[in-house]
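Here is what TrEMBL says about this protein:
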- Thr10, Gly11, Gly12, Arg171, Ser201, Gln305: UDP-N-acetyl-alpha-D-glucosamine binding site (BINDING)
- 3-149: domain 'Glycosyltransferase family 28 N-terminal' (DOMAIN)
- 194-358: domain 'Glycosyl transferase family 28 C-terminal' (DOMAIN)
- 73-97: transmembrane segment (TRANSMEM)
Amino acid sequence: MKIVFTGGGTGGHIFPIIAICRELRRIYPKKDLKIVYLGPKDEFGKILLSQEGVKVKTTMAGKIRRYWSFGSFFLNLIDIFFKIPFGFFQAFLYLFVSGPDLIFSKGGYGSIPTVSAGWFLGIPIFLHESDLSPGLSNQFLSKFTTEIFVSFPRTEYFSQNKMILVGNPIRREILEGSKEKAKELFKLSNEKPIILILGGSQGAQRINDVILVILPEILKEFELIHQAGSKNFKQVRKEAEVIAPDELKKYHHLWPFLKEEELKQAYAVSDLIVGRAGAGTIFEIAALSKPSILIPLPEAAQNHQLKNAYAFSQNGATMVIEEVNFTPGFFLERIKYLFSHPSEMEKMQNSAREFSRRRAAKIIASYLLEYLRF
């Protein structure tokens with residue numbers, strides 16, 4: 001029994017795949033279940049997947065740039081006439097030789113070679129769409145799929161006959177953090193409310209910039225666990241060292257990236273979560289039933305983060321601050337407002353709990369295994 005996973009290679013694609021792989025092995029622990037990831041080269045994803053016992057194979061992948069410049073025009077030509085066809089050939093060859101029973105795609109341009117080659121070979125294809133508004137890649141790939149698992153009730157574009165509403169798969173383990181372990185891990189003072197600042201797997205420079213501006217003020221009342229992103233970490237640390245008053249530095253816990261063990265403890269101990277509006281972040285916050293402030297990434301394709309955020313906020317599950325309004329003063333005022341209105345925080349918790357779909361990974365894993373059995 002062999003399942004091939006594919007995706008675009010970002011944390012937003014890799015973590016849901018890991019969640020599904022874990023559930024597959026919980027439900028079907030026999031050794032004859034083989035799991036392979038076939039997608040574009042990505043060292044971060046390769047490390048994470050290899051730790052899960054997933055065999056990683058790479059294909060070339062190309063994408064279409066939708067902005068005009070001479071540079072993008074020539075890059076598009078290279079991708080269309082070389083990278084995408086060559087990636088298709090690589091995927092076709094691997095799938096033809098290995099003969100998987102099905103393909104599961106998390107979408108993104110990196111999955112196009114594998115899905116199109118799989119369709120050509122007659123392999124059943126299942127797709128998961130994380131966002132309310134699918135990207136162009138998933139719109140294209142949806143034509144080749146058997147079923148499409150979706151995260152949001154009003155997901156756009158796809159045929160209703162193919163859609164199955166499950167939510168976004170999250171790792172079960174991420175919900176198993178401990179406040180006591182968190183206090184020890186992060187050396188927390190236990191004197192102030194704790195705010196967790198996230199910026200996705202790559203960090204978020206705009207969020208870092210705003211935090212640095214208000215750092216002396218925010219640390220007077222709150223303790224921060226701050227994931228700055230590996231790229232930004234050294235610069236943020238350098239600036240924070242200068243900006244934060246010496247007596248308040250112990251309340252700022254700066255990390256480049258929170259691995260699973262660290263993230264689950266940070267989630268457990270936090271009183272408020274601040275982050276971007278990727279589906280992974282939203283569904284983890286919902287499963288944890290935590291109050292949150294979301295700052296959607298304005299450059300996201302199809303403006304999907306903004307749509308995700310407002311779908312989540314519809315019943316009061318989160319507070320959305322669009323980046324155009326994300327100024328230091330306004331952000332700090334909103335944080336203070338929430339902590340001075342416990343009823344608002346409680347409403348967020350209850351609404352997030354109602355929105356959550358904790359069993360998405362298990363439902364998908366069970367569905368795939370049932371399909372293979374019949």
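A Cβ is built for glycine as well, from the same backbone N, Cα and C atoms used for every other residue.
Just so it is clear, the model here is predicted, and its values are computed rather than measured.
Across the domain 'Glycosyltransferase family 28 N-terminal' (3-149), the prediction's mean pLDDT works out to 89. In the three-state DSSP classification, Gln305 (UDP-N-acetyl-alpha-D-glucosamine binding site) falls within a helix. Helix first, then strand, then coil: DSSP counts for the domain 'Glycosyltransferase family 28 N-terminal' (3-149) stand at 76 helix, 26 strand, 45 coil. For the recorded site, Arg171 (UDP-N-acetyl-alpha-D-glucosamine binding site), the DSSP three-state label reads coil.
Cβ neighbours within 10 Å of Gly12 (UDP-N-acetyl-alpha-D-glucosamine binding site), excluding its own Cβ and spanning all shown chains: 22.
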